[in-house]
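Marked as active site by Swiss-Prot on the basis of sequence analysis: Lys276, Arg350. What Swiss-Prot lists as Mn(2+) 2 binding site is Lys264, Asp269, Asp287, Glu348. The Mn(2+) 1 binding site annotation in Swiss-Prot covers Asp269, Asp346, Glu348.
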Amino acid sequence: MSEPVTLSFARLTAAPKGVLIVLTDETLAFGAQTQKLLKGADAAITRAFDAERYKGKAWSTIDLLAPAGLDAPRLVVISVGKAGELKPADFLKLGGVAAGKIPSSAREATVVLDLPGAKIGPESAAEVALGIRLRTYSFDRYKTKKKDDTERGALAMTLLVSDEAGTKRAATTADAVGDGVLFARDLVNEPANVLDPPEFARRAEEHLSSVGVEIEVLDDAGLARAGMHTLLGVGQGSIKESRVVIMRWNGGPAGEPPVAFIGKGVTFDTGGISIKPAAGMEDMKGDMGGAACVTGLMYALAARKAKVNAVGLIGLVENMPDGAAQRPGDIVTSLSGQTIEIINTDAEGRLVLCDVLWYAKEQFKPKFMIDLATLTGAILVALGSEYAGLFSNDDTLSERLTKTGQETGERVWRMPLGPEYDKLVDSKFADMKNTGGRHAGSITAAQFLQRFVDKTPWAHLDIAGTAMSSPASDINKSWGSGWGVRLLNQLVKDHYEG
């Protein structure tokens, strides 16, 4: 990954350097310190506002080049709209908007976090810094030539804040979360010829062990001994071995049940024998977005020393067609003992998840399980790329995820589950089949998974529309988004830390 920006914090009264970015609201008012900084440029700013008919609509901006009366090469004014109604996601967005307004030629910039009638506290300021990091990330590992006219050189950004010491402390936590998001993005962006299941497992072990996460890796032989034959069936057509990575962070009281996160990690999905169309198949390198999120989340929890016991499990396979590949019509026995008829080998994600869910439930007896998977195209049809689909057997967990999603900007929308959908996944020859037909595709996938959680509180997040290839946003210009790391980190922080 590439992060060409160095961030620092200084007191609000410090002298700005380079491009100057200030904030206003819907009334076009400035904070007290900003007014002092801009005093000599009042006339130039007023003329610019009038000339552009600038009204201060939320997230609108105006640029002034070398304004008279101000010792800055460029002044950028950003309106936050209603200053008293900003949520954490808004401060994150503010950082992204600010970073996006700095020309690639700039080497220094200052953001003055000062608003009229609303103090920007340490945690909010740290969110702004995180937004800058997320916006300026790029994945250019395989580019041998740089576009000098568009790619940024080194940039030093200073955030002027009301509480310098407090912001630096808050930024330490935010940086841990940011590191988790960017690690997840790196994993999703990697090509599948580089990031196969063994390599994914190796990177997870190397990266997470550095922050105190305990790692256990099950290879093909270990998976067979454990009884994960459904997961192994998905990968049997590939020359690459499958893996399950178990990540434990013990930050809570000894003996307290952990919270559990499970990720689908199909490092490349051809569809298997039920092969996908060629168009767009290259994007199937990202079919491990759920596993990337869980890995990034576990890193974030450990790096910020979260006071919780947490376990993350990821099932890593490659779904390929060859003479040994699983066939439509095959019947496999899952770790739970339930049998599954394979109707479509391209409905493989649920086959990976079902064994890992059962393993997590039986081995760890968790407080809850949340699985994440780029599971169905149907959820993209239903919700687009703005929301992830949420399916749950527990109203409290569902409500917490929904509220946290609104606060963080990683939003979820609850979808139905019910016994009336069971008949769509019942099989004539086995306990169930792995597809339920064209109708209610996301629901039947979740209904299938629900058979492997028993009474454990559980939520399934279908992130097919949010994990990769989403439209560029103020905080992400990358193909892989790292979606879910911030959501689940905040869920743990708000509700499950001691």
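All residue numbers here begin at 1 and follow the chain in the order shown.
A Cβ is built for glycine as well, from the same backbone N, Cα and C atoms used for every other residue.
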Residue from Lys276, Asp346, Arg350 whose C-alpha is spatially nearest that of Lys264 (Mn(2+) 2 binding site), among the recorded positions: Arg350
Distance from Arg350 (active site) back to Asp269 (Mn(2+) 2 binding site), taken between C-alpha atoms, in Å: 13
Alpha-carbon spacing, Arg350 (active site) to Asp287 (Mn(2+) 2 binding site), which is rounded to whole Å: 12
Alpha-carbon spacing, Glu348 (Mn(2+) 2 binding site) to Lys276 (active site), which is rounded to whole Å: 12
Remaining residues near the recorded Mn(2+) 2 site, that is with C-beta within 8 Å of the centroid of the site residues Lys264, Asp269, Asp287, Glu348: Val234, Gly265, Val266, Met284, Met288, Val317, Asn319, Gly349, Val352, Ala373, Thr374
Asp269 (Mn(2+) 2 binding site) CB neighbourhood, other CB atoms within 10 A: 26
Packing count at Lys264 (Mn(2+) 2 binding site) (other Cβ atoms within 10 Å of its Cβ): 32
Proximal but sequence-remote residues of the same chain as Asp346 (Mn(2+) 1 binding site) (Cβ under 8 Å, at least 6 apart): Asp269, Gly271, Gly272, Ser274, Ile275, Lys276, Asn319
Which of Lys276, Arg350, the listed active-site residues, has fewest other Cβ atoms within 10 Å: Lys276
Lys264 (Mn(2+) 2 binding site) in three-state DSSP notation: strand
Intrachain C-beta neighbours of Asp287 (Mn(2+) 2 binding site), sequence separation six or more, cut-off 8 angstroms: Lys264, Val266, Thr267, Phe268, Asp269, Gly349, Thr374
